[in-house]
Structure formats: structure tokens, C-alpha cells
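A.B. asks: There's a structure below that I have some questions on.
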Amino acid sequence: MEPPTAGAGAASPPAPTTLRRNPPRSARPPPTPLTKQQPSSLSRLLDEEAAAAPSASATMDRRLKVFLRIRPLPPPSPLRKSKAPKPKQPPNVCLVANGANSVALTVPNSKLLDPKRARTEVFDGFSAIFSPDSSQHDVFSKVMNPLVDEFLGGKSALLVAMGPTGSGKTHTVFGSPRNPGLLPLTLQHIFSATDQSSKGICQSQRSFCFSMFEILSEGKGERILDLLSDATDIVFQQSTIKGLKEVFIENFADAKRLVLSGMLKRSTAATNANSNRSQCIITIRAIHKNTDVESEKSLNNAVLTIADLAGAEREKKTGNQGTRLLESNFINNTSMVFGLCLRSLLEHQKNKKKPLEKHFKNSMLTRYLKDYLEGRKKMTLILNVKPGDDDYLDSSFLLRQASPYMKIKYTNLENFSEMVSQKRSNVSLICQENIKKRKVHKNEVVAVAGKNAIDKDASIKVSEQDESHDKILDSELRRVSRNEEIMTKFARALWTVLKQYKQKLLESENAAESTKKLLRCKDIKIMELEKKLMALSCSCKKFPTVEDTSVEQSHDVSSGQVAESSVSLSSQTNLGSSDSALNDFHSKRANLSPQFIGASKGSPIEQSEEERDELHIIAVEEIEHNVDITGVEHRSTPSCSQQVNSEALDVSSSHSSLQLQGMGALQQDPQVLSAQSERFEPTVEKTIVEYGCIQPPQLVDDHGGMYPRGLNGKSCPTKAPIAPIKDSQSERPTDKTEDLPTSNPCNRKNTRRRLRPVSAMMLKEFTAPDIFLDTRKEETVKLSSDAIGRSDKLIRLLKAHPPRGRA
Ligand SMILES: Nc1ncnc2c1ncn2[C@@H]1O[C@H](COP(=O)(O)OP(=O)(O)OP(=O)(O)O)[C@@H](O)[C@H]1O
């Protein structure tokens, strides 16, 4: 029967796709001489190169060895055995060994998207493939025996068992009493070899230290548990474990007992997969007891390490939760970090420019195995896999992850270790020399530098240190100078700002000075106005008291002044200078207006009551008119004069009221006048209290005499005083009886209060600095206090000299 053609392919199943990973490299055959003649120089060279070139097996030896062990399929469960009928077909297997160094992984039908397109992956390049029927001894002989030999030869070695959970890692490493694993077989081999050597092959006597511990998760961290003791103070420091118990083992029986006790202590947790939840590490350290120096050197520091990693697991499969989930994460994380370290090493070996990443820092296990993961010591991997279809994903993941590791090379391990030790010794020597040389002067060091190599290195080191020191100093100086420059600029800017502020301050001081001067001028003006007002009031007071004296007319003396002069006369009479006042009045009389003159001439003394009343009315009107003129004048002057205006109004109104009183007093009986003067006393006091020492009730004239200036209308409720100026202006009464009731004390008071805020406001314009306002207040207070004293004096004088009424 002919094979199916391409055209008949539709009826036959499609050919499976096969991927090959890590195909074995064919070693280049050594060149063979063409003839048996005398070899030429070229052929000699080729021969030498062939001899120098490593053989294929030697190349393979230098690579990281990766073994694959396929565990047998688990036997059917007893329940299945008893009840279910025995399946005719064996369970499907996805992983089969298809050679000495390769396996084929076929995607199971259940995982195929297209069942017609089967897919198989072939993984080549393993050091050996152990089929499910392989024994522990087979594994030991191929995997462990070379490592033990190297260990006994003085080289450290590491075996790591990797694989998914339940794949047979623990079985491979520890085995069972009936079927011992790699560790028991190794111990047995070591002690059998030691026994042989002790029987005469080697004169040296060896002993070994055995330790066993595990790294397990604790919360979100990791911790170490010693499996040979109950010590709890175990600390991991720089790839070494402090506090870990190391037990001397001198024979296989002791070692076997220790392994069993450690196995019992190893923490296991019952998960669905019933797996170990920790990374177990066993170390065997060789100690040479002989005094032979060379043997001791070769055996020292040789450690054989076997690591049984916890199996990576999928959460979906195990159904872990809570703490178990944390453990699972820890296990998977450790496996991942382990793989990353090896991948980084491979990348670094492929391309030296790529740095060797420090992934080992991320896990305690990888930190402990740092030297192996960085390629300084030799390591061997044994991958444990399960061949069933159900484990396809785990097996595929592991094979894909680990197959690249086979390309990791261990080249020049001895040289590397020698180089490292040499480097370390050099470094220590240099450090010692540096400590010494630091005490010596730099020139002396340079002089001594040429004597020997160590001294040379030391001097170079010192000079390098000096250079670096100089560089640091330079950078520091630059930084300091930059800072200084910045500070200088800042200080300049600050100085400029301060200057500007100083200038502004001077300007404001000048403005304050000018304001002070202006205020002084205003004060002077106020004083002058007050004096003028006083003079006017004095001249007005003298008119009505003396009527038989001829006076000359004066253009600046008004009838109001004449009216006021009557008050002045009465007051002056009260003050005890009636004669001089009369003389003065006579002289002033000459200046009176013609109408007054006529009036006085007509009936100088024998004036009827009606005429006198008319004269009084005229006098009052004239006073009001005069005061109105004064008020208008003051209002027309700017701001500060408003104060004067208000004061003038006060004065004029007070004078008017006093004038009325005085005139009334002239008409009344002296006893009545004295009674009225008695009523003045409390009135004056009340007025002082009301004014709050702001408006002085009296003023002093140029001659030191005191004149009544402001007696409040309240003091004479029975006698109505003249109405406030504003009222009198607007409603100038033609009838005296209508005017009197409107000029009550209350109205007067209100008028005064209305004027005060205006004057205060205007004053404020000139007294922006508070200090001047305060000064002004002080002056006012002083004047008020003086006025109080004077009013008291006036009252006393009035009491002592009551005004005399006319006969
Ligand atoms: N090659 C083998 N031959 C016979 N039985 C095996 C083999 N490999 C494993 N087994 C059995 O499979 C079961 C699980 O094996 P083991 O405990 O070694 O798995 P594991 O990989 O260590 O799991 P975990 O990582 O979870 O601890 C054990 O009962 C063991 O006896």
C-alpha cells in the first residue's frame, strides 16, 4: 500500500507539529591528517589546536547539569479498585522520554483547541532522562555520584530538586526506608569512601558536619527552622546562618538517624496535594583532621548541599485559602526568584555587557545559594515531573522554565575561585597598607612607593584617595563660593529696600512737621479770633448801663456791642471796679451811634419803662445780628476755623443769655439779683459737668480780668435766654413774647451738640497723627480746668458783691 499523497491528506489525520527545544550541538570532529607523511607546520598547529580544544563530553561537563525524572503514574485509589471496573486503557500520558537526553511533551486532547491539530514539544539537552521505572540507585549513580566525588575531592557542590507539587522531589531526595533516596545514598557513599581511605588508601582522617534546616513562610516574611535542634535564635547573615546546629557525623548510622529525626520535624501541612510547605536544605561539610597541609587545603570549605524545594502549585488546584494561600505564594515566589537568578546568569553569560542582576536578594533561599546562582560554584538540577495529562500545564511550565538553564556554563571555576581568593588577599593587603600609610605624609608614601609591588599599590591607592579628596574639596569650595555669591546678592537687594524705606520715612516725617506747623498757625489764628471776639464782647457790655455820658460815634462799634456792654458793665460792677468801668463807659459813649445818642440825650436817666424795654429789644437784636455776621465769617474760613465758629457761637449765645440776665438784674431788685446769682452756682457746676471740661465757660481777657463766657440757659429756667443763633436767624422774632419760649435751654443744648461733630471732623483733617490730637486735647483740658477755677471765682465774687440795681 502506497503512502497517502498530499492530495489524499484530507482523509488522513494531520501530521503533528513538533517543536524542538535545546537541540544537541554536534561537536566539531578533530581534523585528521590526510597522509602519514611528515606533518607540516600547519598540520602541527592544527594538531595542537585539536589537542587544546575540549571534547564534546568535556564541554557538556562544564555546563549546568539538568536531569529530568518522570515519576510513575499514581496507582488507582483503593475505592476505584474495589468498585469501579479496571480501565482497559492506561491513563493518558503527555510526557514521554524519546531519547537519552530528550522528552516529548504532547498537548492532551482536552487542552487542544483544535483536536485535529496535535502538537508535541520536544525538550533536548538534558544530562539524563529518568523514566518512571528508574530506580533510586540509577538516579544516584548518574546525578549524585559525580557530585560526591567532587565534594570528596574538595569542591563544593549543590543539588536542587525542582518540580511541581507531588512530582517526587522528596521521594528522590530522601526516599523511604525501603527505597532510600539520594541523601541516604550519598551519606552511605561518603562514609564508605572514607572507610576505604582510612584503611590505607589515604593517610588522612576525615570527619563531616551535618546540618539540616528549612526555610518557611511566616506571615508575609520568611524564617529559618533548624531541623536538628530546638534553637530559635537562628539568624541569617551574609549567606551564613548563625546559630544553626552542625552535628559531627563519623559514620553512616549516625547520619541516617539525624536524617530521620530531621524528616520527622520537617513541617508538613495537609493540603489537598499533601505536600511539604518549606524549602529543606541539607549541608554536609567536610573537615580534615590530618596535619597534612595540602590535604587540609583541598578539603576545607568543601560543602555538599542538597535542596528539596517546596513544589510550586496552582491555587485553583490546591484550593488553598488564608495561611495556606500565603504559604503557597511564598513557595511560588521563591521558585520564581530562583528561576530569575538563573536566567539572569544565563543572560549575563551570553552578553557580558548585561549586568548580573541581584535577584537573589529577594529570597532567603537564593541569598543562601548566592555563590551557586552567580556561577561561582557548580550546581546540578533535577527536575521532577508527573507525566499524566492532568499535569500537563505543570510539566510544560517547568520544562519551558528550566530548559534554558542547560546553557549555563561553568568556565574556569578554579581560576575564578583562585582569582577571587587572590583578589580578596590583595584587597586585604591593600587595606592593611592603607591603614599604615594614612599616618605617613603623602610625600613619604610616594618615595616609598617604588620599593615593592604592594607598596606601589598602596601608594597608588593613597594618591587616588588624595585625588578624590581634592575633588571633594574642590566641589565643596565651589559650593561655598556659590552660596557666598547668592548671599551677597541677597544682602544688596535687602540694603536697597531698606534705603527706600528710610527715604519714605524721612518724607513722612517732613509731612508730619509741615502738618504740625500748619496746626500751630491755625491755633494762632484761633487765638486771634478769640481775642477779637472778646474785644467785641467787652465793647458791647459797656453801652446800656451809663446813658448820661456823651460819646463819639465809632464805625466799628455796633449796637450789639452796646448791648453787650451793659452786661460787661454789670459784671465789672460786680467785680468791684464800677468807677473805672463807668469812666470807660463814658468814653465809649462818645462813640455810640446817633440813634443811641439821640435816645440817650432825650431821656438820659429819667427814661420810662417802655423806652427801656424797647432799647433792650433793639440791643438784643443787634447782638444777634452781630453774632450772625461773626458766625458767617467763621464758616467761610477753612476747616480749623469751624471750631472757632462753634466756640464763638457758644460765647455769643452765652453772652446773650448773660446779657439778658444782666439787664434783667438791672431792672430787678438787688435782692432778686442776689437770689439769681445764688442760683448761678449750681448752674455753673452743672455746665462744667455737661461740657466735660471741653468748653471753658470763661475766658481771660488781655488784662487778666475774668468775663462770664458761657453760662448755660438751664441755670435760669424762669428767665428765658436768647434762642440759638440758627433759630434766631431763621425765625427772627418781631415779637419778643414769641421768641422767648423757643429759646429754651433744651434747644440750646441740641444746637451745641449738632455743631460739635462738624468741628471735630474738621479738626481731624489737620490732626492726622494722634499725637497732635492728644496734644490738642491736653490743651483743651487745661483750659477747661482753668475755666472751672475761674467760674468758681466769678460765683464767689458775685456773692461778695451783688449787683446793684438802679434806683
Ligand atoms: N519515582 C517514584 N516512584 C515511586 N513513587 C513515587 C515516585 N516519585 C514520587 N512517588 C510518590 O509520590 C508521592 C509524592 O511524592 P513526593 O512527596 O516526593 O512529592 P513532592 O514533589 O515532594 O511533593 P511536595 O513538593 O508537595 O512535597 C509520594 O507518595 C511518593 O512515594
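Here the Cβ of each residue, glycine as well, is placed from N, Cα and C on the backbone.
In TrEMBL, annotation is done automatically, which means it is predicted and not curated.
From TrEMBL, here are the annotated features:
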BINDING   GLY163, PRO164, THR165, GLY166, SER167, GLY168, LYS169, THR170  ATP binding site
COMPBIAS  1-25  compositional bias 'Low complexity'
COMPBIAS  34-43  compositional bias 'Polar residues'
COMPBIAS  728-739  compositional bias 'Basic and acidic residues'
DOMAIN    63-408  domain 'Kinesin motor'
REGION    1-58  region 'Disordered'
REGION    71-93  region 'Disordered'
REGION    552-573  region 'Disordered'
REGION    714-756  region 'Disordered'
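Just tell me what is around each of these and how deep it sits.
C.D. replies: Counting every protein chain shown, the number of other Cβ atoms lying within 10 Å of the Cβ of GLY163 (ATP binding site) is 27.
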A.B. asks: If you count CB neighbours within 10 Å, which one among the binding-site residues THR165, SER167, THR170 has the smallest count?
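C.D. replies: Across THR165, SER167, THR170, these binding-site residues, the one with fewest Cβ atoms within 10 Å is THR170.
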A.B. asks: Between 0 and 100, where does the mean pLDDT of the domain 'Kinesin motor' (63-408) sit?
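C.D. replies: Residues in the domain 'Kinesin motor' (63-408) carry a mean pLDDT of 81 in this prediction.
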A.B. asks: How many other Cβ atoms are found within 10 Å of the Cβ atom of GLY166 (ATP binding site), counting all protein chains shown?
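C.D. replies: Other Cβ atoms found within 10 Å: 21.
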A.B. asks: Long-range neighbours only, meaning 6 or more apart in sequence with Cβ under 8 Å: which ones does GLY168 (ATP binding site) have?
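C.D. replies: ARG69, ARG71, ASN384, LYS386 - these are the non-local Cβ neighbours of GLY168 (ATP binding site), listed in sequence order.
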A.B. asks: Ligand 1: which of the binding-site residues PRO164, THR165, GLY168, LYS169 have a Cβ closer than 6 angstroms to it?
C.D. replies: THR165, GLY168, LYS169
A.B. asks: Three-state secondary structure of THR170 (ATP binding site) from DSSP?
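C.D. replies: In three-state terms, THR170 (ATP binding site) counts as helix.
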A.B. asks: In three-state terms from DSSP, label GLY163 (ATP binding site) for me.
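C.D. replies: Coil, per DSSP.
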A.B. asks: Excluding near sequence neighbours, so keeping only residues 6 or more apart in the same chain, what lies with its CB under 8 A of LYS169 (ATP binding site)?
C.D. replies: ALA161, MET162, GLY163, ASP308, LEU309, GLY311, ASN384
A.B. asks: If you draw a 10 Å sphere on the Cβ of PRO164 (ATP binding site), how many other Cβ atoms land inside?
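C.D. replies: A count of 25.
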